Each structure stands twice: as structure tokens, then as C-alpha cells.
Amino acid sequence: MKRDLHIVDVTLRDGSHAVRHTFTEQQVRDVAKGLDQAGVEYFEVSHGDGLGGSSLQYGFSAVNELKLIEAASDVCSQAKAAVLLVPGIGTKDDLEDAVKAGAKMVRVATHVTEADVAKQHIELGRNLGLKTVGFLMMAHMAPPEKIVEQAKLFESYGAEIVYVTDSAGALLPHEVTERVSALKENLSCEIGFHAHNNLSLATANTMAAVDAGATYIDGSLRCLGAGSGNAQTEVLTAVFDRLGYKTGVDLYPIMDVANDVVAELMPRPQEVTKASLIMGYSGVYSSFLLFAQEAAKKFNVDERDILVELGKMQAVGGQEDLITEVARELANQQLTV
Ligand SMILES: CC[C@H](O)CC(=O)C(=O)O
Ligand SMILES: [Mn+2]
């Protein structure tokens, strides 16, 4: 099947944040099998923070991610496992091990202004024969010109696709259009878009991205992902079918795996709550949600105040330890008034 739009499913990686990295091999097998049968070409599987993410800082995985990658790859007849790698969290050795476990795509993720740290990892991805992607996170924090500059670095290292990643679910549709159009005009590789639904705009933003020229788009089943979750894979399938795109994904089977498998393993419905809405409003990294809620309880402060403060500080992934500091400071301020 010749696809003109590629839907990459991230349930088994971005969704890992929402289940606190507790995916079991059986759950991964069931989801991967459903994605494979529905015709999805690539799906991510690993710790929410990517290879090597299992740690005190980001939360320990219940099951070693290499086992999960192996379990997922074992049940697929055509779908391919992808892994996320943040240089500094995951290593080149982690990537080589993931390939042995069955990974066929790597998405090398950096903060939107730090693409230069990805050179070795992107080159390694290409040398290992992987479909190699550069993933520019927190894209709302940089103007289109900066994103073009950084995406060109990814492209020069060998990335075949460069993503605009709305990690905070903070972008509005016209801001997605500006960023994706700028990449389309200035790069020759393919462009991708990864949404978060904190402002309830994940589908609209993904449509804007595709209109502006993106050919790879991310979704998760039932939106299972960090913050309010991602664009919903089964919804993207329906919407882009209606728009006349060939995604290669079949609607009933993708709805079935969403409803019969993923809905069953979700600890809570994936909603826009007061906390996740504030993340989109203030531009806060979606993966901070559960940490902020925990800190709010521990220090008896409003989770929204923590998130607003993190937004003001322009905190980025890797600064999870700041969350407790901010909560403690807010609690101290409450005591002194
Ligand atoms: C590196 C973890 C992060 O969850 C990646 C991602 O999906 C995003 O920035 O949205
Ligand atoms: Mn994400």
C-alpha cells in the first residue's frame, strides 16, 4: 500500500508516562498486535522518556524496555517498532541493544534549541539501517526561523524526517502552520508533527500540520499519553480518511484495539483537566503532570500554581527535580502570609 500520510502510534511510549511506566509484556503484545492488524506502519515502544529513561529522575519501568521492544516485535507481521532516544538519557549502546531487540526506527529527541547534541545518535541510526527521525521538543518555545536552523542541523546529520513536537500542547493552529510551513520551505526531508491535547487542539493542530505539508503525524490510542495525551490515533484515522488521505490504517480494527485493549489498561480517562489545561496555557512540558500532582499533594499547594511557576521558569525535560523545589517554595510562601 502506498501511503500518502503516515500515522505513527505512540501509545506504548508516550502512554508510558500516563501509566507511570508500568506496561507489562502482555499489554505491549496485545496493543502491538492490534496496531499491526490495523495496518499501522510504525509504533513507538519504550520508557516514556525514551531509551534509558528508567531511573529515579524519570520513574522506574516495571519491565525492562528491551523486553517490551522484543515482545512487541515478536507479534508483528508488518508493523515496525520505533524507539525514542534523548541524548544524555539514552546512549548509543542503548540504541544498539534496541535494534537487537527489534527496533526499526529511532526518533532522536532534543530540546528545540539543542539539535547539535544529536549528531552522533542520528548518524548511528542511519549506520544501523534505521528509519531515522529528529524530534524537536517544546516547539512553542522557539520561533519558526530558529526551528528551521535546528531542523537543518538534524537534516545535515542524516535525519530522514524532522518533527515539530508540541510537548506542552501549547501551540495554536496558526502557530503550527507557521512552523511546519517554514520547515517545508527550507528542508528537503519529510516533516512530522507530534501533538498534545492540553488545549483540546491536538486534532486541529495535526490537521494544520498536514495542510502545511507534514507527512508523518503522531497519535495514541484513546489519547493515552503525557498531560492530556496526544492526538487520538483512531480519530486521526477517521478524519484523514474523510479528507481523502491514504494512511493504510483500517478504521474498525484501530477502534477495536483502542476500545478493547487500551481503554482497559488506562488508570484514568484521558481528559483535559484543570492541571493539563494550565500546562497548555502556560507552556509546560506534558510529562511533568503526574510529578506536579504528587508534589501538590505532598506540600498541600495548588497543582496549577506549581505548573504556572514552571511555565514562567521555562523549565524543560530533565528538570523534573525542580517540581519539588517549586512546590516547597510555594508552601513556604503560604506559611509566611
Ligand atoms: C522525552 C520524553 C517526551 O515525552 C517526548 C515527547 O513525547 C514530547 O516531548 O512530547
Ligand atoms: Mn509527547
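Any Cβ shown, glycine's included, is placed from N, Cα and C.
When TrEMBL records ARG13, ASP14, HIS194, TYR285 as binding substrate, the matching candidate from SER167, SER181, SER228 it lists for that site is SER167. The secondary structure of ASP14 (substrate binding site), as reduced to three states from DSSP, is helical. Listed binding-site residues: ARG13, ASP14, TYR285. Those with a CB atom under 6 Å from ligand 1: ASP14. Here the domain 'Pyruvate carboxyltransferase' (5-255) has a mean pLDDT of 98 out of 100. Candidate binding-site residues: ARG13, ASP14, TYR285. Those with a Cβ under 6 Å from ligand 2, in sequence order, are ASP14. Least packed by the Cβ count within 10 Å, out of the recorded positions ARG13, HIS17, HIS194, HIS196, is HIS17. What surrounds the substrate site, by Cβ distance within 8 Å of the Cβ centroid and not counting ARG13, ASP14, SER167, HIS194, TYR285, is the set VAL10, HIS17, GLY48, MET137, THR165, HIS196, GLY225, ALA226, ASN230, SER286, SER287 from the same chain.
Each residue in VAL10, THR165, ASP166, SER167, GLY169, ALA195, ASP218, SER220, GLY225, ALA226, GLY227, GLY229, ASN230, ALA231, SER286 lies on the same chain as ASP14, HIS194, HIS196 and has a C-beta within 8 Å of the C-beta centroid of that Mn(2+) site, without being one of the site residues.
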